[in-house]
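Reviewing the structure listed below.
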Amino acid sequence: MEISYYEILEITQNADKETIKKAYRKMALKYHPDRNQGDKEAEDKFKLVNEAYEVLSNDEKRAIYDRYGKDALKGGGFGSSSSGFGGFEDLGDIFSSFFGEGFGSSRRRKSSNDEKIPSDFIVNLKLSFKEAVFGCKKNIDFTYKCSCKTCNGTGAKDGKLQTCPKCQGRGQVGVSQGFITFAQTCPDCQGIGEKASEKCSDCKGLGYNESKDSVELNIPEGVDTGMKLRVNAKGNILKNGTRGDMYVKIIAAEDDTFIRDDDDIYIEFPVFFTQAILGESIKVPTIRGEATLNLPKGAKDGQRFVLEKEGVKDVHSSRMGNQIVQISIKFPTSLNDEQKELLEKLSESFGIKDGMHQEQKGLFEKITNWFKS
């Protein structure tokens, strides 16, 4: 069954205009795209909320809807106006009238003095597992932007700009969704409200030129994926001549043997069943070579042991992480006659007769007595 406009706004059918307005404000805030970016369900609900309000806030449309339903509003001159809501001159005014200067028209129009380029930028640097753990030197090639001196970063010939014809100098254009129009940055002038009547021949209208450079970087020991290293004064060059920074984002490869978790290293190490039963000192690999692990008697499959300070050095201090060794007990898959005979004798020495251990026999007896009781 189709949900009614009153249910969409969570109000009763006899609600007055003020109640409808308050309900709309509440629901529009809840499902507004700016607060639910990437949420398709919220976007659909936002459209329904606007559709419901457009009808219920209009006395004529509401009367027709109450009497004949939604279908009666289709066609017949009762559709929404070309702007989504009539009577609001500036884009986003529908929201500013309800919510103040927090939505739509409150977006600051950019100034022609604003930079077309950010001062800082990020480059990705891929490292091997060992390079990230132990540090290394890397030569990084990169491209940076420099504000065009010919046009002073405007992108216009001789630096002269004219009012943007698409947004009429507002820096915003309207985009309709359902029954509402909201503002977004003008794609032609990027929100400045002005654009070049003739492009600068030097930068081709971009407002900046690109140059290539390289730098040798000392990668510290212990970096990991997602960490950023700042390289001072290697960013973009702005109109006033100041230069930003370049940030190098680390992408560290994984290893086939070792698993890294921050500064700790994990490894699964195979142990023969006799070693686990009898206990033994064994050699295990570490990121720096090998270390001795003293297995206790009766070690269990999946049991973990900590080798202190055998992990990765913390990138911000001298603290060392640990290595965690998880043992995996292995059993022989084939036996020769001598091995089979030895194991059979061992089995008998533990009291296993007729295919059953004494503990298993005791359990069966308990279950049998349970059925008899």
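Just so it is clear, glycine is given a Cβ too, placed from its N, Cα and C backbone atoms.
Quick caveat, the model's predicted, so the values are computed rather than measured.
Annotated Zn(2+) 1 binding site per Swiss-Prot: Cys148, Cys151, Cys200, Cys203, in sequence order, evidence recorded as sequence analysis. Look at Swiss-Prot and you will find Cys164, Cys167, Cys186, Cys189 tagged as Zn(2+) 2 binding site. The domain 'J' annotation in Swiss-Prot covers 4-69. Residues annotated as repeat 'CXXCXGXG motif' in Swiss-Prot: 148-155, 164-171, 186-193, 200-207. Summarising the annotation, Swiss-Prot assigns zinc finger to 135-212.
Within the same chain, the repeat 'CXXCXGXG motif' (200-207) packs against the repeat 'CXXCXGXG motif' (148-155): three or more Cβ pairs sit under 8 Å, each pair at least 6 residues apart. Taking the mean position of the Cβ atoms of Cys164, Cys167, Cys186, Cys189 as the Zn(2+) 2 site, the remaining same-chain residues with a Cβ inside 8 Å of that point are Pro165, Lys166, Gln168, Gly169, Arg170, Gly171, Gln172, Val173, Pro187, Asp188, Gln190, Gly191, Ile192, Gly193, Glu194, Lys195. One way to see the shell of the Zn(2+) 1 site is to take the Cβ centroid of Cys148, Cys151, Cys200, Cys203; the remaining same-chain residues with a Cβ within 8 Å of it are Lys149, Thr150, Asn152, Gly153, Thr154, Gly155, Ala156, Lys199, Ser201, Asp202, Lys204, Gly205, Leu206, Gly207, Tyr208, Asn209. Note: the Cα of Cys203 (Zn(2+) 1 binding site) and the Cα of Cys167 (Zn(2+) 2 binding site) are spaced 24 Å from each other. Sequence-distant neighbours of Cys151 (Zn(2+) 1 binding site): residues of the same chain at least 6 apart with a C-beta under 8 Å from its C-beta are Lys157, Asp158, Gly159, Cys200, Asp202, Cys203, Gly207.
In the repeat 'CXXCXGXG motif' (186-193), the DSSP tally of helix, strand and coil residues is 0 helix, 0 strand, 8 coil.
The DSSP breakdown of the repeat 'CXXCXGXG motif' (148-155) into helical (H, G, I), extended (E, B) and coil residues amounts to 0 helix, 0 strand, 8 coil. In the predicted structure, the domain 'J' (4-69) carries a mean pLDDT of 86. When the binding-site residues Cys164, Cys186, Cys189, Cys200, Cys203 are scored by other C-beta atoms within 10 Å, Cys189 scores highest. Distance between Cα atoms for Cys189 (Zn(2+) 2 binding site) and Cys148 (Zn(2+) 1 binding site): 17 Å, as a whole number. Around Cys148 (Zn(2+) 1 binding site), taking its Cβ as the centre, 24 other Cβ atoms fall within 10 Å, counting all chains. In this structure, the C-alpha atom of Cys164 (Zn(2+) 2 binding site) lies 21 angstrom from that of Cys148 (Zn(2+) 1 binding site).
In sequence order, Val173, Cys186, Asp188, Cys189, Gly193 constitute the residues six or more apart from Cys167 (Zn(2+) 2 binding site) in its chain with CB-CB distances below 8 Å. Annotation note: Cys200 (Zn(2+) 1 binding site) sits in a coil segment as assigned by DSSP.
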